[in-house]
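**Q** Relevant sequence annotations retrieved from Swiss-Prot are reproduced here:
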DOMAIN    1-72  domain 'S1-like'
Amino acid sequence: MSKEDVIEMQGTVLESLPNAMFEVELESGQKILAHISGKLRMNFIRILPGDKVTVELSPYDLTRGRITWRAK
């Protein structure tokens, strides 16, 4: 899957789940499961419930995503 195929959306972290998974509510109101991208994991970026994040969604499965940015 190339970078052009992903869908970027904004959302809020609702809950932290095991194995670095998070429940995220998108601005559209949809709830998805998301994991942390490699760069955030390598740099030990902490993500807590209530944080605003940018999520990349695959066009093939819109219920799962990857957190690529945490807003300040």
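Cβ coordinates come from backbone N, Cα and C, glycine included.
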**Q** Determine the mean pLDDT over the domain 'S1-like' (1-72), rounding to the nearest whole number.
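**A** Mean pLDDT for the domain 'S1-like' (1-72): 94.
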**Q** Using DSSP, tally how many residues of the domain 'S1-like' (1-72) sit in helix, strand and coil.
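**A** Counting residues per DSSP class in the domain 'S1-like' (1-72), I get 8 helix, 36 strand, 28 coil.
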